[in-house]
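So that you can see what the record holds, here are the features copied from Swiss-Prot:
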- TYR298: active site, O-(5'-phospho-DNA)-tyrosine intermediate (ACT_SITE)
- 334-344: compositional bias 'Basic and acidic residues' (COMPBIAS)
- 3-113: domain 'Toprim' (DOMAIN)
- 163-168: region 'Interaction with DNA' (REGION)
- HIS33: site 'Interaction with DNA' (SITE)
- ARG139: site 'Interaction with DNA' (SITE)
- ARG140: site 'Interaction with DNA' (SITE)
- ASP143: site 'Interaction with DNA' (SITE)
- TYR148: site 'Interaction with DNA' (SITE)
- TRP155: site 'Interaction with DNA' (SITE)
- ARG300: site 'Interaction with DNA' (SITE)
- ARG487: site 'Interaction with DNA' (SITE)
Amino acid sequence: MAENLVIVESPAKAKTIEKYLGKKYKVIASMGHVRDLPRSQMGVDAENDYEPKYITIRGKGPVVKELKKHAKKAKKVFLASDPDREGEAIAWHLANILNLEDSTENRVVFNEITKDAVKDSFKHPRGIEMELVDAQQARRILDRLVGYNISPVLWKKVKKGLSAGRVQSVALRLVIDRENEIRNFKPEEYWKIEGEFRYKKTKFTAKFLHFKNKPFKLTEKADVEKITTQLDGDQFEVTKVTKKEKTRYPANPFTTSTLQQEAARKLNFKARKTMMLAQQLYEGIDLKKQGTVGLITYMRTDSTRISDQAQSEAKNYIQETYGNDYTSNRKSKGQGDQDAHEAIRPSSTLRTPNEMKNFLTRDQHRLYKLIWERFVASQMAPAILDTVAMDLTQNDIKFRANGQTIKFKGFMTLYVETKDDSEDGKDNKLPNIGEGEMVTATNIEPSQHFTQPPPRYTEARLVKTMEELKIGRPSTYAPTIDTIQKRNYVKNESKRFVPTELGEIVHEQVKDYFPEIIDVDFTVNMETLLDKVADGEIGWKKVISDFYSSFKQDVERAEEEMEKIEIKDEPAGEDCEVCGSPMVIKMGRYGKFMACSNFPDCRNTKAIVKTIGVTCPKCKEGDVVERKSKKNRIFYGCSKYPECDFVTWDKPIGRDCPKCEHYLVEKKQGRKSQVVCSNCDYKEEEQK
């Protein structure tokens with residue numbers, strides 16, 4: 001029988017760790033938190049120094065019973081939950097439930113689930129750090145006080161089922177503020193003049209820069225004509241050539257935020273999916289003969305720090321694979337709020353994505369490859385670029401051509417951050433030419449433009465903005481974005497967030513009656529206070545008390561003064577086939593659906609069917625309709641289902657293949673689409 005009991009959060013983590021520790025240790029999972037505030041009531045006694053009332057989470061009774069049974073038999077109990085505030089709180093709740101002594105050094109933490117890291121952590125157990133627990137408690141209680149006070153007011157005055165929260169309300173504000181900027185935006189006209197030039201056999205482009213050695217704004221067509229009428233012939237003199245060597249350094253290894261952003265850009269993953277896959281990679285992957293191994297370090301972190309050991313291993317790998325020139329001489333100076341943490345990196349550089357491919361699902365492999373390449377590239381030598389700026393002049397009119405070539409690829413051999421991929425002049429190959437020589441303009445083309453409104457938030461940009469403004473923590477970005485979508489406060493159109501009417505109504509009410517809650521500075525200041533609680537500089541109850549005294553008055557004012565708002569259901573444009581009443585559009589868990597307006601007397605509902613104007617290629621009777629899976633993925637089926645079981649992920653276009661006469665579909669890959677046959681290898685030209 002095992003002498004020691006180790007408790008972790010998940011079965012996957014338990015399975016991995018038990019293999020490392022041997023027969024003297026039994027590792028079991030608590031399945032996350034075992035205690036929390038009750039869902040049926042506030043659970044915080046504001047009259048009694050904000051004392052929380054914790055209860056065993058519904059459904060966790062058997063888990064707690066099992067934990068107690070094993071703890072009673074064990075000589076020593078170790079609490080090995082995750083190395084962050086949430087993990088520390090889980091350990092504290094477990095210690096309370098199992099009646100472990102406060103002074104016991106039974107807390108073990110590791111940043112990666114590898115044999116060496118886990119075994120080493122058990123050599124240095126420590127006590128539970130109550131400052132970290134208090135910071136988590138303060139956050140949990142703050143969120144409960146906000147949510148359980150504002151939400152009932154919204155239910156009563158606006159609509160049942162609504163919610164507001166400390167972080168979600170600020171995230172919603174960002175989306176709505178951006179939408180208002182777009183609505184209020186007034187486009188302004190401006191012009192560009194671009195020229196195509198030739199020197200011997202080399203063709204290149206240049207842009208209008210100056211008139212009479214001064215910037216000259218091209219705000220209307222008359223400005224353009226003033227320039228073009230001054231031009232005389234096609235010869236321009238090269239009046240200045242500036243050559244520089246530019247050093248480009250690699251991006252830091254990933255934090256939670258930058259991982260979510262880059263996975264959204266490069267892999268088209270939602271933040272929630274990225275974190276789910278990262279958790280799987282962290283908790284352990286079965287590598288067959290090598291056993292189960294955690295492939296990456298802990299995935300909830302603000303830090304870009306890396307250990308000396310990881311840096312040394314990466315340096316050796318780079319040296320052997322690419323050569324000495326590709327190793328970096330820079331010492332890593334990563335930084336972050338959670339100093340005990342590292343950046344997100346592979347637990348071993350030697351486990352290359354190619355070697356791991358057969359052990360991972362496709363999406364796991366794609367994310368692991370991204371993390372591995374970003375980390376290894378961060379330890380490589382910088383890239384060296386040769387940049388050239390060439391001024392071309394005629395009659396006091398100056399054009400400038402910019403070009404660059406890569407002298408030494410360095411880290412770019414392996415990985416380039418998405419945003420690095422769009423630099424002016426990178427594809428403009430300039431001729432090797434000296435000052436005083438002449439070039440020929442083959443085409444001078446003015447073009448009219450209008451200023452564009454700021455773009456709506458993508459998920460990546462919203463995460464980046466939340467991080468920059470210090471709204472929430474690494475662990476809250478994904479669930480916050482998830483919540484505002486589930487509540488139907490925002491919708492995702494073409495991968496960009498648009499506020500709904502409901503979202504704007506809720507925001508207006510929260511803004512008018514709870515201005516602090518949506519104030520970015522207030523939210524940032526609260527995060528700073530929670531950090532101070534974690535550092536032991538301030539007590540958590542003082543943070544709660546200072547906030548709640550004024551917030552309570554806001555709640556009382558809202559209950560008295562907020563006017564009731566009636567949100568009318570959107571007419572569906574058809575009548576109920578059961579009772580004849582008008583059908584209306586409602587929002588459900590999986591999106592919009594039609595329901596009878598005579599509810600509750602008539603409970604008729606039906607799905608909203610979107611036809612695409614194509615007859616079903618199978619039964620030739622029904623229409624092809626667009627549907628959504630439970631995972632919100634669009635697919636196409638027959639309107640006569642279940643009589644006809646036609647289904648496809650790709651959109652039928654209503655034409656047959658000229659080669660085999662099966663139906664043609666539109667297949668999308670990123671921003672491009674292509675018409676292909678659903679049966680044979682027939683393809684048409686790609687469309688952008």
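Start at 1 and count along the chain as shown; that gives each residue its number.
Including glycine, each Cβ sits where the backbone N, Cα and C put it.
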Where HIS33 (site 'Interaction with DNA') sits in the secondary structure, as DSSP reduces it to three classes: coil
Same-chain residue ranges lying at least 6 outside the region 'Interaction with DNA' (163-168) that approach it to Cβ under 8 Å: 142-143, 146-147, 150-151, 154, 471-472, 476, 480, 483-484, 487, 506, 510, 514, 517, 523, 526
Nearest of the recorded sites (ARG139, ASP143, TRP155) to ARG300 (site 'Interaction with DNA'), judged by Cα-Cα distance: ARG139
Those residues of the chain, 6+ apart, with a Cβ under 8 Å from that of TYR298 (active site, O-(5'-phospho-DNA)-tyrosine intermediate): ASP82, PRO83, ASP84, ASN111, GLU112, TYR282, HIS341, GLU342, ILE344
Inter-residue C-alpha distance, ASP143 (site 'Interaction with DNA') and HIS33 (site 'Interaction with DNA') (nearest angstrom): 17
Tally of DSSP helical, extended and coil residues in the region 'Interaction with DNA' (163-168): 1 helix, 0 strand, 5 coil
ARG487 (site 'Interaction with DNA') versus recorded sites ARG140, TYR148, TRP155 - nearest by Cα: TRP155
For the recorded sites TYR148, TRP155, the one whose C-beta sees the most other C-beta atoms within 10 angstroms: TYR148
From recorded sites ARG139, ARG140, TYR148, TRP155, the one whose Cα lies nearest HIS33 (site 'Interaction with DNA'): ARG140
